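Features of the protein shown, as given by TrEMBL:
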- 7-275: domain 'CheR-type methyltransferase' (DOMAIN)
- N84, T86, R90, E123, D146, N204, L205, R221, N222: S-adenosyl-L-methionine binding site (BINDING)
Amino acid sequence: MKKNDMLDTNQLTLSKQVFEQFKSLMFKESGVTLGEEKQAMVKARLAKRLRQLQLSSFEQYLQLVKSPDNRQEIQHLIDALTTNETSFFREAQHFEFLSRQLASFSVTVPIRIWSAACSTGEEAYSLAMTVAENRCHPDWQILASDINTQVLASAGLGMYDISRACSIPRRYLIKYCLKGVRSQAGQLLFSEPLKQHIRFVLLNLDGELPEIGRFHFIFLRNVLIYFNEIKRKQIINKMIGKLVPGGYLFIGHSESLRGMTDLLRPVQATIYQKC
Ligand SMILES: C[S@@+](CC[C@H](N)C(=O)[O-])C[C@H]1O[C@@H](n2cnc3c(N)ncnc32)[C@H](O)[C@@H]1O
């Protein structure tokens, strides 16, 4: 952060009352619950948007976001307040499990996988490399979705700072990635043949799901933590509806489905199979 930015942010005050209104808006629009401890985070993230719009108070920004004809700004709010931390092959045991399942997959079926909160795309590309390596059918698709338009735009590029590549096995780097040159030096780019299997779409897990078909594997990782108990249950039920019988659901290491449904049976820590 530049010195000037720091000064600006420090001069702004986010009152508890205005914070509560941002919280309710975020809940209404995305289902995400922002805890009381998130006030400093909200202030820091929205301050950037205030500077871009040259507004001088959070009250002004709240008015703008709430104006009925300004859906665009709601999207900016969602983009600013979602947390997008991710990495390649995060929770490696999930990709090992997937490889084993793919090895025993019927060759007549095109595999469909959903990365249901894909953030900047590392999860989707990790899935794509895993399927490409263990492919049992030439036709396979990955749907990668998120509620945040900025992370989706970046995911679609398939271009990452080389420093993020350390968790990608070397043989995959050689096979599926290109090294950026000139203006793209220091970047890795996923190859077109791999990218063409992935479709990135904007999708709110808290809304009615569009017609996206059913999947053999759904990765719903590190997103349930942002919802309350009721929303979590609703989202899990929607995921069950989108799994083929016998399909698998993966959640994050700090998440649990305990007591939530009888329609999924645990097969390994954080991996469930539709009964
Ligand atoms: C911490 S990231 C998880 C990324 C990846 N799944 C992983 O485990 O590395 C959480 C993602 O969930 C997305 N998200 C939050 N609320 C959402 C919603 N209502 N619908 C869809 N995605 C949502 C955020 O935008 C963010 O990119």
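Placed from the backbone N, Cα and C atoms, the Cβ positions cover glycine too.
Quick caveat, the model's predicted, so the values are computed rather than measured.
Overlay of TrEMBL feature records on the structure.
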{"residue": "N84", "record": "S-adenosyl-L-methionine binding site", "Cβ contacts under 8 Å, 6 or more apart": "S119, T120, N148, V151"}
{"residue": "R90", "record": "S-adenosyl-L-methionine binding site", "Cβ contacts under 8 Å, 6 or more apart": "E122, E123, S126, S167, R221, N222"}
{"residue": "D146", "record": "S-adenosyl-L-methionine binding site", "Cβ contacts under 8 Å, 6 or more apart": "T82, A117, C118, S119, L152, A155, F200, L202, L203"}
{"residue": "L205", "record": "S-adenosyl-L-methionine binding site", "Cβ contacts under 8 Å, 6 or more apart": "G31, A116, A117, I147, L220, V223, I235, K238"}
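The average per-residue pLDDT of the prediction over the domain 'CheR-type methyltransferase' (7-275) is 96, rounded to a whole number. Counted within 10 Å of its Cβ, the other Cβ atoms near N222 (S-adenosyl-L-methionine binding site) come to 21, all protein chains included.
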